[in-house]
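Okay, structure first, notes after.
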Amino acid sequence: MSSQIDHVFDETRVFPPSPEFAAAAVAQPEIYTEAATDREAFWAKQARELDWHTPFTEVLDWSTPPFAKWFADGEINVAYNCLDRHVEAGNGDRVALLWEGEPGDERRITYAELTDEVKRLANVLEGLGVGHGDRVAIYLPMIPEAVASMLAVARIGAIHSVVFGGFSADSLRSRIDDAGAKLVITADGGYRKGKASALKPTVDQALADRGEGEQNTVEHVIVVKRCENEIDWNDERDLWYGDVVGAASNAHEAQAFPAENPLFILYTSGTTGKPKGILHTSGGYLTQASYTHRVVFDLKPETDVYWCTADIGWVTGHSYVTYGPLANGATQVMYEGTPETPQQGRWWDIIQKYGVTTLYTAPTAIRSFMKLGREIPNQYDLASLRLLGSVGEPINPEAWIWYRDVIGGSRTPIVDTWWQTETGAIMVSPLPGVTATKPGSAQVALPGVSIDVVDDDGRPQGAGGGGLLAITEPWPSMLRGIWGDPERFKETYWDKFEKQGYYFAGDGARFDEDGDLWLLGRVDDVMNVSGHRLSTAEIESALVAHEATAEAAVVGASDETTGQAVVAFVIIKESYLKAHAPEGLAQLLRGWVGEQIGPIARPRDVYIVAELPKTRSGKIMRRLLRDVAEGREVGDTTTLADTMVMSTISAQVK
Ligand code: WTA
C-alpha cells in the first residue's frame, strides 16, 4: 500500500471547478472563514437548519472528555425532521425514494407516503411494547421498508442496530445479544445475483439453540414479505410486516427527545475479535449528516436525483441513504441488488433511467467497472450526472481519473470523502465548486472540522510529514461511546493522545506541500476489503474455531480490485490430518469463515503451513506474512525466534 501511495505524491493534476458550477454551488468559499471565526456558532447555525421541538441554548459541553454533549438542552425528533416537516412545508408529493428491485420491479414513494408508513410502523412497535431506549435489530435487504424501519424506531425514541444482510447467524446473534434487542425486523429474503437470498432462516437460527444461562431478549420478529420464499413460522413470535402495518393507525405524533438521546448502535470491526457497538445520538448526528450531505453533494433538493449505492447495513447507508438525504428532503434512488445483475451495465442503466445527478460509491466498485472496460458505461447516456463521490478507502489516481472521464464525462467534480463509522459523517472532503480537486487526495477538513497529522506523541508533522490522522476538536456527529463498554471507548480512541485530547482515527496520513491530505490506510490490524472493515483477529478466531485448525494468522494483502484481500496462513492439527485427507482443506476453511462471519470475510487465499513466524516473545510477525502474500521478497527476519521459518513458508506457498 505505501509504495503505491508514494508514487501518487507526484500527482500534480488539479481540476478546478467550472465557473458555472462554482457560481451555483451550495457552498461558497466564505464558509471556511465563517467556520474558522467561531466554530461553535457555525455548528449552531447548521443545527438550526433542523426543526427543534425545544431550541437548544448550549452548543457544546466538553467538560468531561471524551464524553461530548452537543446541543444538550435542545429537544428534537429525528424522524419528524426526515419526514413530517417536509410534508408540512408542502413537499409531501415530492418523491423520497425511487426504488428499484433487482428483478426490475419499481416503487416510487413520496414523502407523504413514507411519513404515513413510518407513523403506522411506529404505532405497531409501540403496540408491541417497544419504547424509549429499547433496542431493535434490523436485518433487511435494500428495500424501502429498511429505511422506514430505521425511521420508525427513531421516531419513538428507541435505538436501532442495523445488521448487514450478508452477515451470518452467528454474527447476527452476537449483535442482537450485545445490544439486548427486544425486537427484530427482517424479510423472508431479498434478491441478489438473480435469486432470492433468504434472511428469515438466519434470524431463526440466530435466535435458536440458546445454551444454559443464555437469555433471549427478542420478543417479536416482524417479517417483510419480499421473495415469497418458504420460511418457518413461530406463531407466538413472528408477525407479517404487511399485516401489522396495514392494520395500524396512521396517526402518530412525534414526541420530543433530548438531543443526546441514543439513535443507533452500529457494529464495526476493531483490532480485537469482538465487534464494537458504535453509539450515535440524535441532534448532533443529524446536524452533521444533513450539513455534510448538503454541502459535499451540493444538494439542490428540487432538481437533484441523488444515489448512494451503500447498503443500509453500513454507516454510509445510515448517514447518506437514510438520515442525511431525508433530513434534506432529497429525492434518491435506492437499488436492491448487485451491479452485474442481470447484466454488467445495470448501474448505468439506472442512472440513465432515473436521470441520476449525483452518484456516491466506493473505489472498489469503480475498479471492478474499470476492469470490465469503458465499453459498457459508454452504451448509456450518463449526461445527467453532475457530481461524483467516493468513500470507503483511498481511491488511486487511475481509478479517480477513469471515474471522472468515463462516468463523469470529464466534467463532473469528484468528492473523495474520508470518514468512519465512529465519526458518523464526512470529515474530510473537497467542497465541489470551491476546491480544485486532486486525484487520490481527500484534501481538506470540512468547515467546522479540525484535523491534524501527528507523530506517536501527538506532535504535528507539518507539510510533507507522514504520521497519524488525529481529530483535534470534538464534532457534532462523533460517536458517544461503545455500547456497554466505556473503557474500551477511551482506550481505543482517546488514550493514544490523552495529553492533547485528540481523537485517534487509526489511519496513517500525510499532508502534501499544498496542505492537502493523503490517507495512507489503517495503522492497526483492521483490514479494508472492498471498503468494508474487517479485523484480522476476528477472522483468526473464526479459523481456529474449526476443528482442523491449530493456529491461524490473517493479513490484509493489497488487491487490485478490492483494495485489500484477506489472506490466511493456517496450521492444521496433526490429529485432524490423521483422520482426514488434506485435499480441499483450504477451500473448506474459506467456506467456514464465510459461514461464521459472512461472505465478505471469506479469505481470498488460505495457505496451509507448518509453522508461523513468531518473535521470541511469541508474537506473530504479520508484516512478514504480508510480504509473502503480496509476492514480495521477505523483509527483515532477524527478530524471529526461528529465522528459517520464512523460507519454509515461502516454499509452501509457492
Ligand atoms: C477508510 C466508512 C481513504 C479509513 C465511511 C477509515 C478511507 C475506514 C476513506 C472507515 C477515504 C474511508 N480515503 N480511506 N475517502 N473513507 N476510509 O467505518 O481507513 O466502514 O478509517 O466507514 O475506511 O471505515 P468505516
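Each Cβ is built from the backbone N, Cα and C atoms, and glycine gets one as well.
Just so you know, TrEMBL annotations are computer predictions that nobody has curated.
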Which of ARG374, ARG488, ARG533 belongs with GLY392, GLU393, PRO394, ASP416, THR417, TRP418, TRP419, GLN420, THR421, ASP507, ARG522 in the ATP site listed by TrEMBL:
ARG533
Between the Cα atoms of GLY392 (ATP binding site) and SER530 (CoA binding site), find the distance and write it as a whole number of Å.
8
In the domain 'AMP-binding enzyme C-terminal' (538-619), how many residues does DSSP call helix, how many strand, and how many coil?
28 helix, 27 strand, 27 coil
At its widest, how many Å does the recorded ATP site span between Cα atoms of GLY392, GLU393, PRO394, ASP416, THR417, TRP418, TRP419, GLN420, THR421, ASP507, ARG522, ARG533?
18
Suppose we draw a 10 Å sphere around the Cβ of TRP419 (ATP binding site). How many other Cβ atoms does it contain, all chains included?
25
How long is the line from the C-alpha of ARG522 (ATP binding site) to the C-alpha of SER530 (CoA binding site), rounded to the nearest angstrom?
14
Fill in the CA-CA distance, SER530 (CoA binding site) to PRO394 (ATP binding site), as an integer in Å.
11
